[in-house]
Amino acid sequence: MKKEIASHLLEIGAVFLQPNDPFTWSSGMKSPIYCDNRLTLSYPKVRQAIAAGLEELIKEHFPTVEVIAGTATAGIAHAAWVSDRMDLPMCYVRSKAKGHGKGNQIEGKAEKGQKVVVVEDLISTGGSAITCVEALREAGCEVLGIVSIFTYELEAGKEKLEAANVVSYSLSDYSALTEVAAEKGMIGQAEMKKLQEWRKNPANEAWITA
C-alpha cells in the first residue's frame, strides 16, 4: 500500500524531490521535498485508490467511527469520498472560526459524544490536524484518530501528535517515497544521502552539502 501510493504521488507530480535544488517552505526552512496532494483531485484513478486506502485504514484502526471530518481545505474532498464509501456523515473543520454568519469552525454536524476520525492530506508538523482535533474535542466529540495520505515522518510532528494524545496513520510516508524514487531511477545514491540526512534533522541545513 505505502509504495503503491508513493508511486502514484510521484507519477502525477503531487510530490517533488529536489535534494540538489531545495524548496523553501513558508516557515523559511529549506527542504528537499514538496508535497501538493491537491493534484490528486485531478486524477480519478489516483483519488479512488486514496479513498479506498483511507477507508481501509479507518476500518482497521477505527472500526467504531461514526463521523468523518475533513481538514479545511485539502482534506475536505478526500473526507467526502471516504464518507460516501462508508455511508457515514461528514463534516469539515476550519483552521479558525468564521468571522461572519454563525461563526462556525465546524461545518456540518459533529455532535457531542460522536466518534470522529479526521482525514488530512499531509502530516508535516501536525499543527493543522491538531487544530482540527481540538475543535472537535471542544464540541464534545470523541476523536478516535487521524488518517492521512502522506507523512514526512518528522520527529516534531510525531511529538506534537503524542502530546495532543492523538494517534495517526498514513497511507504512505517519506521512507516509502524515497525508496520508490530510487527504484525508479529518479534519485541516485548522493541524492538519497541528502534526503536521509534532512529527515534526521530538518532544521540543520548541513544536509544540503552532505
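Glycine residues also receive a Cβ, built from the backbone N, Cα and C atoms like all the rest.
What you are looking at is a predicted structure, and each value in this text was computed from that prediction instead of being measured.
Taken from Swiss-Prot, the feature 5-phospho-alpha-D-ribose 1-diphosphate binding site applies to Arg94, Lys98, His100, Glu120, Asp121, Leu122, Ile123, Ser124, Thr125, Gly126, Gly127, Ser128, supported by sequence analysis. What Swiss-Prot lists as orotate binding site is Ser124.
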So of Ser124, Thr125, which of the binding-site residues has the fewest other Cβ atoms within 10 Å around its own Cβ?
Thr125
According to DSSP, which of helix, strand or coil covers Asp121 (5-phospho-alpha-D-ribose 1-diphosphate binding site)?
strand
Out of these binding-site residues, Arg94, Asp121, Gly127, which one has the fewest other C-beta atoms within 10 Å of its own C-beta?
Gly127
Determine, to the nearest whole angstrom, how far the Cα atom of Ser124 (orotate binding site) is from the Cα atom of Arg94 (5-phospho-alpha-D-ribose 1-diphosphate binding site).
18
Near Ile123 (5-phospho-alpha-D-ribose 1-diphosphate binding site), which residues of its chain come within a Cβ-Cβ distance under 8 Å, counting only those 6 or more away in sequence?
Ala129, Ile146, Ser148, Phe150, Thr151, Tyr152, Gly157, Leu161, Ser168, Ser170
